[in-house]
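Annotation comment: TrEMBL describes 45-63, 92-110, 122-143, 180-202, 253-275, 395-417, 429-448, 469-488, 508-531, 543-563, 604-628, 634-656 (among others) as transmembrane segment. TrEMBL lists 68-278, 397-659 with the feature domain 'Ion transport'.
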Amino acid sequence: GTGADNDLYINQAIVFIEDAIQYRSINHRVDSKSLGLYRWYYSRTCQWILGLTITVILALAFIEKPSSLTITSDVRYRLPAWNPPCGLTESIELLCFLVFAIDVSVKSYLIGWEEFWKNKWLMAYILTLIVSLTDWIVSLSFFCAEDLRIRRILRPFFLLQNSSMMKKTLKSINSTLPEMASVVLLLAVHLSLFTMFAMLLFARTKDGQQDKEWVAYFRNLPDALTSLLVLLTTANNPDVMIPAYSKNRAYSIFFILFTVLGNLFLMHLLTAIIYNQFRGYLLKSVQSSLFRRRLGIRAAFEVLSSLKETPANSQQSYVSAGALLQVLQKAEMDSRCRQAIIRSLKICSCDQLSAAQFQKLFEELDKDAIKQHPPTPEYQSHFMQKMQFVFGHPYFGYLGNVVALANIVSICVVLVMDADKQPSERDDFFLGAINCFFILYYVLEMLLKIIAMGLKRYLSYPSNRFDGLLTVILLVLEIATFAVYGFPHPGWRPEFMGLLSLWDMVRLVNMFIVFRFLRIIPNMKFMALVVTTLLDLVKNLRAFAGILVVVFYAFAITGIMLFKGAVVPVGNTRLNFFLIIFLSQTSFYIKKEIVLYFKEKCDFMALFGHFQAEIIYCLLYLLSVNLICRWAKIYFVAWWLISSVIWVNLFIALLLENFIHKWDRRCHREPVSDIEYQRTVELMFRDVLEEPTEEELMEKLHQHPHLQLCR
C-alpha cells in the first residue's frame with residue numbers, strides 16, 4: 001500500500017543519510033527487514049560490543065603462556081608468572097570467534113552475494129576466521145602444549161578490518177610503496193658501498209694490536225654490514241669509530257661521510273618522498289569519502305522524491321520539507337548538524353526542495369564543528385561588576401602564570417639545596433610551607449575566575465578544566481598531608497604514617513604543581529599551535545595509531561614464537577662460563593658495552609619470554625654476542641624498516657600536513673576568543689577536494705545492486 005511504501009522510502013532515506021554522515025558505502029540491501037538489521041548492526045551498542053571483543057582478543061596475549069602478569073621483568077627478582085589453565089583463554093577466544101562469525105555473516109548478508117565476491121576484505125575476514133578456528137582446535141587437541149599458534153599472529157587483522165579509515169590508510173601506504181622502495185634501494189646501495197670501503201680500510205694487519213676496529217666491527221661481511229646498518233640508526237655512534245679514531249684521526253672522515261650521506265640526505269629524502277606521495281594518495285582516499293557522502297545524500301533525495309505526497313514533475317524531482325524534517329528527527333546524527341540543517345530549512349522557507357537545495361542543506365556536515373562558549377553572568381551589584389572586570393581580565397590569568405612560574409622556581413631552588421643531603425638531614429618545612437602558600441593562591445584564583453566567568457563558561461574552556469582539576473587534586477593532597485603529618489614547622493620530619501611517607505606526599509604534590517605549569521600553553525600563540533596540532537593528530541588520526549598497534553603486535557607475537565628460549569636467564573652457569581670465555585677473546589670496547597648492558601639492563605633476557613619487554617636492548621645484545629642465528633637479523637632489520645623508517649616518516653608527513661594546514665588557517669583568519677574550531681582528517685583537505693557532478697552521482701546510483709530508481 002501507499003503508506004507502507006512511504007514508510008519504506010522514509011527508512012531508506014534515514015539509512016542513506018546515516019551512511020553519508022559516517023562515509024559508509026550505500027551498496028547494501030534496502031528492503032524493510034534488511035534496513036532494520038542494518039541500523040541495529042551499526043548502532044552504538046553493537047559497535048561497542050564488537051570493539052570490546054576486538055580489545056579482549058588482542059589483550060589475551062598478556063595472560064597467555066608465556067604470561068606477562070608479573071610486577072617486575074627483572075629475571076633476578078621476578079616470581080614465577082601465573083599461567084592460565086588450558087581451556088580458560090581458549091574459551092574466551094571461542095566466544096570472540098562467535099562474535100566475529102556473527103559480524104561477518106551480517107555484513108555478508110547486508111551487502112548481498114554479488115557484492116560479497118567483490119569485497120576482498122570480507123573474504124580475507126572469513127579465511128582468517130577459518131584458519132583461527134582450525135588452529136584453535138589443534139591447540140585443544142594438544143592440550144595447549146603446542147609452541148606455534150598461528151591464530152595469535154592473525155589477531156590484529158580483526159582490528160584492521162573493522163576500521164574503514166585504517167583500510168584506506170593501508171591502501172594509501174601500499175600505493176606509496178614503489179616510491180619508498182626506490183629510496184630504500186638507494187639506501188641499500190649506499191650501505192653496500194660503504195661496507196666494502198670499510199672492509200678495505202679496516203682490513204686485518206700483521207700487528208694484532210692495531211686491529212681493534214676489524215675485530216670489533218668489520219671482521220667479515222655480515223658483521224660489517226650490521227655495524228654500518230646500526231650506525232645508520234646512530235645507535236652505536238660514536239662507539240663504532242672509536243678504535244679507528246684512536247689509531248688515526250683521519251678515519252673519522254669515513255664515518256662522517258657515511259652519516260652525512262645516509263642520515264642527512266637519504267633518510268630525509270625518504271621523508272620528502274613519503275610526504276609528497278602519501279599526501280596525494282590520502283587526498284584521493286578523502287576524495288572518495290566525499291563522493292560517498294554526496295552519493296548517500298543524493299540517494300536519500302531520490303527515494304524521498306518517490307513519496308506519494310510529492311507532486312510529480314516530468315522535468316525535475318522535488319522533496320517536501322515535511323518529509324525531510326521527518327527523516328532528520330529519526331536519523332542518528334550530531335545535534336549541532338541537525339539543528340543547523342533545520343535552521344537553514346526554515347530560512348529557506350521552501351515547501352519543495354530541489355536536488356541542489358537538498359544537497360546544499362547537508363553541507364553543514366562538511367563545516368568545522370564550532371563550539372561557542374556560554375555568556376558571562378550579569379551581576380546587578382556594582383562591586384560584583386568590578387570584581388568581574390578585574391578577575392575576568394586576561395591580565396589576571398597572566399598573573400597566575402607568573403605565580404606558577406615562581407612556584408616552579410622555588411621548588412627547583414629547594415631541590416638543588418637538598419640534592420646532596422641525606423634523608424635524615426633534609427628539612428621538609430620550607431618545601432611544605434611554599435606548597436601550602438601557592439596552593440592556597442591556586443584555590444583562590446580558581447574561585448575568583450568562577451565568580452567572574454560563571455561556572456558553565458569556566459568549564460567550557462579546556463585550559464580551565466585542566467587547571468581546576470589539578471587545583472582540586474593539589475588541595476585534597478595538601479589536606480591529606482596536614483591530616484596525617486600535621487602543619488609544617490621547622491624540623492618537620494615525622495615518622496612514616498599512612499600509605500605514603502611525608503617526603504612521598506611532598507614529592508607527589510610537587511609533581512602535580514610542575515604538571516599544572518602547562519597551563520601557560522594557551523597563552524603562548526606558537527606553542528598553542530603546536531600543541532593543538534598534536535592533539536588533533538591524537539583525536540583524528542586514530543587509524544594510523546591502529547595500524548601502528550597492528551605492526552607492534554604482529555612483530556611482538558612473531559618474536560615470541562621465533563626466539564622463545566633462545567636466551568637463557570643470567571643465573572645459568574653454562575651461560576656465565578660462555579660469557580667469560582667470550583669476553584676474554586673480545587676487545588675492550590665490546591667488553592665495556594656488554595658489561596654496561598648487563599649492569600644497567602639486566603632484564604633484557606625477558607624480551608622473547610614476555611610480551612611487554614623492550615626490543616632494543618635484546619637487539620643490541622643479540623647482535624653483539626651472536627647468541628642466536630645470524631638469520632635472526634632479518635627479523636630486526638624488517639622491524640626497523642617498517643616501524644622506524646617507513647612508519648615514523650609517515651607520521652612526520654601527516655604531522656607536517658596538519659601543522660601547515662593550521663598555520664595557513666591562522667594566517668588567513670583571526671581567531672575569535674569565544675569560538676573553538678575542531679577539524680577532522682576529511683576537513684584538512686576540504687579546500688582542495690572536487691565536488692562530484694550530478695551525472696557521476698546518478699550513474700553510480702543506477703549501478704546500485706539493490707535500489708531501483710524511478711528515473
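All residue numbers here begin at 1 and follow the chain in the order shown.
Every residue, even glycine, has its Cβ placed from backbone N, Cα and C.
Computed from a predicted structure; not experimentally measured.
If one looks beyond the transmembrane segment (543-563) by at least 6 residues along the same chain, the residues whose Cβ comes under 8 Å of a Cβ in the stretch are 58, 61, 66, 147-149, 152-153, 155-157, 159-160, 163, 165-166, 168-170, 173, 607-609, 611, 615, 628, 632, 635, 639, 642-643, 647, 650-651, 654. Highest Cβ pair count under 8 Å relative to the transmembrane segment (634-656), across stretches 45-63, 122-143, 180-202, 395-417, 469-488: 180-202. Proximity of distant same-chain residues to the transmembrane segment (429-448), defined by a Cβ-Cβ separation under 8 Å and at least 6 residues beyond the stretch ends, is recorded for 387, 391, 396, 400, 403, 406-407, 410-411, 414, 467-468, 471, 474-475, 478, 481, 488-492, 506, 509-510, 513, 516. A Cβ distance under 8 Å defines the sequence-distant neighbours of the transmembrane segment (395-417), meaning residues of its chain 6+ beyond its ends; these are 430-431, 434, 438, 441-442, 445, 448-449, 510, 513-514, 516-517, 519-520, 523. Predicted-model confidence for the domain 'Ion transport' (68-278) is 85, expressed as mean pLDDT.
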